[in-house]
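Noted in TrEMBL for the protein shown:
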type	residues	note
DOMAIN	227-481	domain 'GP-PDE'
TRANSMEM	41-65	transmembrane segment
TRANSMEM	85-113	transmembrane segment
TRANSMEM	125-143	transmembrane segment
TRANSMEM	163-183	transmembrane segment
TRANSMEM	192-212	transmembrane segment
TRANSMEM	493-514	transmembrane segment
């Protein structure tokens, strides 16, 4: 087989070696009559599908990083092992996508050089393993973390226009090896089939922007105000969660609300704690090893005050930002103790920020006494009641009667025949569409969505008009003065036309040049 113009024999032989894992000279190749068979074409198609499959998983992996801290906490509760599993996810995904991408590039280069696509059995095995691993990852995502599918749909509002440009560009580049293959093959039916498939895909891509919607396709003067920031357990990327240091760091990030979780000790003292067990965020296993597995509410306040609520943050490094803390912040973090609700309310009052909390655990037999103890602390604290946002549903009517000034926040959407209009709702960001957010905003209902950490997600919700977001990354979102991107519809239309016309001309050039 003669080397085509522009492809030197050593390069073609090297490409064939990497793809087929064997050295084959041109003369030997002629003797064997080596050529691309239907089976080889099938393996190339499989390689292309595995690459696309892995590429889609890479997209999902990047999207779910917004919520990955929840996964880390889940694994810790199950296995008592703390690790930033997002690093494992990204490294494994990078290896899979790199391997399939390199093989695909080799195959395309071999096709342009007129060489046979003889994929080695080892590559075939690894490709099957890659497909199975990615399929298992998608299956696990669907079973254990189904809400991330909704996150992916939301992400398309942020990435849709750019994905369109990237896919059109990739399919345009594919025209070169496709044209080379079509001009070399003698099978007329295969030629027609490939051309029909390719043309159908390109026409669909050219028309895809008709179905792309994004709240950030709007005029600059239509952009809603920037959402207020709610510190999720304070500023957990900068300080141990649910501590006074975390509250102060949240204040430094200009948050308007400190979001926390309240439990009540065995002797009736409300304190800040998210987990039902103390093992993740304290040194309870060292101080009270025989009681470490007990519910947080089983400890009295004297016992709780003996626990270190800060050193775990420096040891486990729940977020990468811990590494960049100053020496002073590290010293302060190591000294943190579990704060009482009274201390938190005093700090919030002095900093002039609001406080929003859940009261846990709601299925406890003494929950009503928890509500009474919490209300008593709030009323005695002297904090303006309008700065207190009440999340728990249990005994809400009692709370309204005893503390009518407290802001009632509901963890659900409004009902059709709502007796009392909702003023504040607090929901996962996956649970509200852009259209619903706009409607609630028009009806003067404050919408807070949680947990929003990534700038792309914050940008979409900003463009949608959400009132506030609960975040772990207040220090990041604080610096955003504008959504990541904002396009007037006329500009987007112009980009669409330019991209599609450029792609069409490039494809036409490829087929004419290689004819």
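Each Cβ is built from the backbone N, Cα and C atoms, and glycine gets one as well.
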By a Cβ-Cβ criterion of under 8 Å, what residues six or more beyond either terminus of the transmembrane segment (163-183) are in contact with it? 108, 111-112, 114, 156, 191, 194-195, 198, 201-202, 205-206, 208-209, 212, 495-496, 499-500, 503, 506-507, 510-511, 514-515
At a threshold of under 8 Å on Cβ distances, which of 41-65, 125-143, 192-212, 493-514 pairs most often with the transmembrane segment (85-113)? 41-65
Taking residues 6+ outside the transmembrane segment (125-143), which of them lie with a CB under 8 Å of any CB in it? 46-47, 49-50, 53-54, 57, 60, 64, 92, 96, 99-100, 103, 149
